[in-house]
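Notes follow once the structure below has been shown.
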Amino acid sequence: MTANITGLLKLYYWNMKLSVSRSMAYRFDFVIGVLTSILFSGTAPFLQYIFFTQTKGYPGWNLDQIMLFQGLLLLWLGLRQTLFGNVMNVAHGLVRKGDFDRLLVKPYPPLGVLLCSGFNLKGIGSLISGCVLTGYAFARLDLVPGPAEVLLALASFACSIVLYMGVMTLLCTMVIMLVQVGRLEELVERLLGFGDYPINIYPKLLQKLFLTVFPFAIWAYVPSQALLDRLGSDNATAAVGCFAVFAISVWIWNRSLNRYTSAGG
């Protein structure tokens with residue numbers, strides 16, 4: 001088990017180096033892509049500003065706090081794009097060409113190989129925007145979180161990675177079973193979008209769901225609450241939900257892998 005994890009980490013590192021080398025081969029295109037990403041990622045905070053200045057905003061949040069939320073959200077979106085942004089492209093390509101069969105005879109688990117192929121430098125734009133906006137929000141709030149708050153926020157991001165790995169696992173399962181999952185993938189992305197807003201705006205039932213069964217609140221809501229030192233005990237259930245989703249998704253993947261038939265021509 002330990003050997004497999006170490007090997008997969010090395011595999012991820014080599015895939016990351018290869019991805020960086022490919023991006024640097026066309027540096028102008030890479031720079032333009034990063035600048036475009038920064039520009040477009042800045043539209044969400046601007047829309048939040050317009051919303052707050054023209055309405056009563058979100059219950060329990062002022063403008064500076066929602067900017068912190070938005071900054072952490074951009075950080076998360078950039079992080080997941082950087083770590084796993086290429087997973088689905090690789091999965092689609094392997095299954096359509098019939099090359100997925102090669103993963104079945106490799107020394108590492110096929111799922112691990114897929115997840116380790118996800119590095120994508122295009123997420124760096126959102127990461128930069130998120131860092132800038134989070135820093136701005138800290139300055140506006142005059143916020144100096146203690147070690148406990150910082151650790152809780154970092155733990156939330158770690159749990160977010162586990163949850164997103166579970167989501168990627170389910171999507172990869174759909175690919176090997178159905179080959180073409182365009183609309184299903186779009187539907188999943190829409191569902192994930194519920195985590196882009198503070199859960200206070202949803203009815204009580206949905207708030208409970210987003211902290212347990214579908215713990216999308218772990219992405220930005222929980223870390224922002226931790227940094228603002230107002231994290232409730234009920235938020236801890238989101239971490240448990242993340243690991244539960246991942247465990248269930250891996251179980252479904254293993255079941256589906258036993259029924260896999262090549263889609264290659």
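For all residues, glycine too, the Cβ spot is worked out from N, Cα and C.
According to TrEMBL, the transmembrane segment annotation covers 26-47, 67-90, 111-139, 151-184, 205-224, 236-253.
151-184 is the stretch from 67-90, 111-139, 151-184, 205-224 with the greatest number of Cβ pairs below 8 Å to the transmembrane segment (236-253). The transmembrane segment (151-184) makes contact with the transmembrane segment (67-90): 3 or more of their CB pairs lie within 8 A, with pairs spaced 6 or more apart in sequence.
Contact between the transmembrane segment (205-224) and the transmembrane segment (26-47) does not hold: fewer than three of their C-beta pairs are under 8 Å, each pair 6 or more apart in sequence.
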